[in-house]
Amino acid sequence: MKTRTIGFIGGGNMATSLMSGLIASGHSPQQIWVSDAAPATLQAHRDNLNVNASTDNLKIVQEVDVVVLAVKPQILREVALQIAPLVKQKDSLVVSIAAGISQTSLALWLGGDTAIVRCMPNTPALVLTGATALHANANVNEEQKDLAENILRAVGISLWVEHEQELDAVTAVSGSGPAYFFLMMEAMEKTAIEMGLNEHTARLLVQQTALGAAKIALESAESPTQLRERVTSPGGTTQKAIETFQQNGFSELVSKALLAARDRSIEMSKQLGAD
Ligand SMILES: NC(=O)C1=CN([C@@H]2O[C@H](COP(=O)(O)OP(=O)(O)OC[C@H]3O[C@@H](n4cnc5c(N)ncnc54)[C@H](OP(=O)(O)O)[C@@H]3O)[C@@H](O)[C@H]2O)C=CC1
Ligand SMILES: O=C(O)[C@@H]1CCC=N1
């Protein structure tokens, strides 16, 4: 497939992760465009990533084959309405990464004929270890599906979900998920320091343990339960820790947190979208 130009509208956390990942995986910075409200942000992207940048969202749509909507959900309507006439004129493929904004809303704002891929990536895209789920509307052809998938696959794994509603669960699991692991790391690091380890030692041990656990989980055929049991010697230290987690409602708490994230995604589609 011919290399396509990609434009990001909104140059914040997630666009930075995706642009950096695309470049690290071999995509030419010259084929990437980004717009943002803040000129300083754009200058940083020019300096650090060598991409093309403009404060004018319409310039981005004009220049590229694929438009990635990477602004906050709260301003997506305004941006979509602004670019809609040009998207229609150019017949652009639009990829939205916004949480909680449905394809119905996007189609209403951008025009019913627009080819729209809604997806949910996550910030590990920055280190080419992202996880993205995608869903295409009926206007997206096979070539456009490949194109959207190739962009996200450049920065990690990507998979298609059959029903758009699944993206609310995906948001709760992998979209927000990195933050849950960071929260666990924060708490472990804090307690490690309280137990007398210095900050450097505490951070390094927690980081390497998280990496090791993720790696073994990915490479092993065993389930997380089996892998956990391998660490847990009967009557030993891990057993004490796991019992403490479980007696204090760890699984229920994780379940509550993920359901709250999922429900917030659904709520956002009603508050901020046209659903
Ligand atoms: N962060 C994450 O882990 C993930 C985020 N997402 C989704 O990605 C999207 C972006 O999130 P994130 O990167 O965290 O948000 P950020 O706030 O970091 O990035 C959004 C950027 O858009 C800029 N902006 C504001 N108004 C405009 C405008 N009219 N035109 C162009 N740019 C504008 C903002 O500038 P300023 O700050 O000056 O307003 C900001 O730099 C959201 O919709 C979110 O739901 C999806 C998956 C994971
Ligand atoms: O917190 C959020 O709303 C976004 C979506 C997933 C991760 N960050």
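Quick reminder: no glycine exception, Cβ is built from N, Cα and C everywhere.
As the structure is a computational prediction, the values presented were derived from the model and not from experiment.
Copied over from TrEMBL:
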DOMAIN    5-100  domain 'Pyrroline-5-carboxylate reductase catalytic N-terminal'
BINDING   I9, G10, G11, G12, N13, M14, A70, V71, K72, P73  NADP(+) binding site
BINDING   N57  NADPH binding site
DOMAIN    164-268  domain 'Pyrroline-5-carboxylate reductase dimerisation'
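Feature map: annotations from TrEMBL on the structure.
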| residue | record | DSSP class |
| --- | --- | --- |
| I9 | NADP(+) binding site | strand |
| N57 | NADPH binding site | helix |
| A70 | NADP(+) binding site | coil |
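Counting other CB atoms no more than 10 Å from each candidate's CB, the binding-site residues I9, N13, K72 peak at I9.
Rounded to a whole number, the C-alpha distance linking A70 (NADP(+) binding site) with N57 (NADPH binding site) is 12 angstrom. For the binding site of NADP(+), formed by I9, G10, G11, G12, N13, M14, A70, V71, K72, P73 according to the record, the largest Cα to Cα distance is 14 Å, rounded to a whole number. N57 (NADPH binding site) sits 18 Å from N13 (NADP(+) binding site), taking the CA atoms of both as reference points.
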